[in-house]
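Features of the protein shown, as given by TrEMBL:
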REGION    1-36  region 'Disordered'
TRANSMEM  134-155  transmembrane segment
DOMAIN    315-519  domain 'FtsK'
BINDING   SER342, ILE343, PRO344, ARG345, MET346, GLY347, LYS348, THR349  ATP binding site
REGION    653-673  region 'Disordered'
COMPBIAS  661-673  compositional bias 'Basic and acidic residues'
Amino acid sequence: MTDSPTTHLRAVPDEDVEPVIPKMVDNPNLPDPKVRDEKRKPVLAGWLTNRRDFAATARHAGANLGYATLFHGVRIPVYAARLGIRSPRGACRFVASTNRWVWDREAAPLRDFAVRTEDVDEYMRLAKLRQGRIRLRGLVTLVAAVFGLGFALWLYVLAPVYLYAFAAGGVLLLGLAGQQPDAPVIGPAVLKTELQKMTGSIVLRGLDSIGNAKISAAIKKGGDMNGLRFTSEIVRDGPGYRADLDLPYGVTPEDIIEARKPLASGLRRKVGCVWPAPDPTEHEGRLILWVGDKPMNETTKPAWPLLKSGQVDLFKPVVFGNDQRMRDVSVTLMFAAVVVGSIPRMGKTFLMRLLLLIAALDPRAELHAFDFKGTGDFSALEPVCHRYRAGEEDEDIEYVVQALRELKDELRRRAKVIKSLPRSRCPESKVTPELASDKTLGLHPIVVGLDECQVPFEHEKYGQEIEDICTDITKRGPALGMVGMFGTQRPDAKSLPTGISANAVLRFALKVMGQPANDMILGTSMYKAGYRATMFSRSDRGICWMAGEGDDPRIVASAFVDAVAAEQVVARARKMRDEYGNVTGHAIGKGPETTAGVDILADVLAVIPADEDAVWCERIAARLTGLRPDAYAGWKGENVTAALKPWGIKPGQVWGQTDEGEGKNRRGIKRADITTAITRRDADRAAA
Ligand SMILES: Nc1ncnc2c1ncn2[C@@H]1O[C@H](COP(=O)(O)OP(=O)(O)OP(=O)(O)O)[C@@H](O)[C@H]1O
């Protein structure tokens, strides 16, 4: 009979197998690595050594002091009246306690005890002591009363005003003594809500509550707890607490980051306060848990350091925001293409404008700002823009296409210039700070910002061309000194073509609604890796995940610079540019090449004869069409308004007569405004 298959699979009898001799793996002679990592604790507390923290602490204390002074200052009459009312009770208390003191009442229980226990010796000793005390205290009281009375009489005779002042002071003091302990006359001006101090057990409670089996098991075991241990004591770090700990074997900081909400619940804090992060200088199991006193969006951000002063070198990192601990966070715009995305109203445009302001503060940089929302969010930048447009009408798109075509040619020219340079000047075939500063080469930084970039990308006629040029700017631009910035409130494949989303270097994700949008902005698998812009709440405006600067993405609260502040920064930037000699294009009233042949100001002036003070816009449009049908065919009144807007010319109500001879008020342009704009433009051009 043949063996059944199971026979072949039968287990080998034990006697056929060599017994397994356990090997010792821990060799007692294994040498020690002799590497010791020592970390010195700072001599002084962090806020004492950091200028900004020190200033913030001093400012906070000063502001509280000032407020308290004002608060109590206005209440002085009320306090005085209340203390006056309480002074009789205070006087009674004073007399009663002086009486107790003079007659040594505090030792009465001891004397009673000696009487009750019939301890004669002790009683005699206490009685003697009392006698001496009463004599001394009585004398002190008598002397004080006599001198007090004498002093009062002396004051009454020589300086009665002082007597009243002393009396008033005495009444107030008696009033203080007469206060009820639960109803003090002078209360605190600043009410402080005490936050719970972070302790080790609170941290462990928080970690235990995230539902990670390894962590919970480790905490249950106690002791060294499967590798779970605090590596240093919990300290104050900026406006919050910091705990450094090793997680149980196999658990990574990402596991904790994913569970921020339950962790916050376990710590009894708002989720915006709780920021777990890995420690890039340590192993993969090290967690830095930073717990802020307030959520990030409620913490007062330091002012943007470049708001009032300072110049930018786009090749170097520039501060643009703060992390959770309110430490500065910088961004390096050169050699990058930038993508900014979020749902509407989260601060995308503000962030793009901030980045454009940074570029404006480098006087070498050429700025192209296009706002397709059309609300003029970038209008503060007009005085420093080489190309600027706000709007999504066909004429706006045509302007942008023309500007982008110029950039396409510029990319080609730059590539040739770089190719022609010797290796010694251009070792890495890319623009260097020195090359950018050499005006003869024309390799200065060019920064192009397109807000709501989905609008031009989806344009029927020019969409593909715009996308191709923008993709080229994203891919080749960084090496050739061109920075493309693309902002969208609809981060999908159509709004943000793959050529751009895949090649962008710097990525800023404000709040988004789902994984696809998150990964479209931050990069593939970022959501899975724990970098989730979905975790932001709607009040986290201006807060984003930033990827591309440093090894790992980080959370940044971008500096808040509103339109008014932006105008001030731009005024400073314009001054720098005037000095450097870089005010070009839109800033001096020049548009892209297509409109170069058409001088709208000159043409409008040509159709308003000197004897007419003002003409209706619709009439100007009709006359322009007659003047140059090829350039102005189909123009209406609003085209005239839009074309003159960049020159600061606004239409006003103008009285005129219709063709039927009826008198009417309609929107029109004054001839004087045109002549003024031409004079200003010519002066600017001459200066440039
Ligand atoms: N860094 C910031 N810090 C605090 N608040 C900010 C910040 N940036 C923007 N905000 C607030 O968020 C609001 C919306 O900003 P913004 O207009 O930039 O949003 P958006 O995402 O561009 O919206 P939309 O997509 O509708 O254009 C602003 O009015 C401003 O008050």
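For all residues, glycine too, the Cβ spot is worked out from N, Cα and C.
TrEMBL: automatically predicted annotations, no manual curation.
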When you tally the Cβ atoms that lie within 10 Å of each candidate's Cβ, which of the binding-site residues (PRO344, GLY347) has the highest tally? GLY347
Got a sec? Which of these binding-site residues, SER342, THR349, has the most Cβ atoms within 10 Å? SER342
Just checking: which of the binding-site residues SER342, ILE343, PRO344, ARG345, LYS348 have a C-beta under 6 Å from ligand 1? SER342, PRO344, ARG345, LYS348
Fewest neighbouring Cβ atoms within 10 Å among the binding-site residues ARG345, LYS348 goes to ARG345
Quick check: which same-chain residues outside SER342, ILE343, PRO344, ARG345, MET346, GLY347, LYS348, THR349 lie with their CB within 8 A of the centre of the ATP site CB atoms? GLN489, LEU510, LYS511, ARG541
Give the residue from the binding-site residues ILE343, MET346 that has the most other Cβ atoms within 10 Å of its Cβ, counting over every protein chain displayed. MET346
Suppose you look only at the domain 'FtsK' (315-519); what would the mean pLDDT be? 93
For GLY347 (ATP binding site), just give me the three-state DSSP call. coil
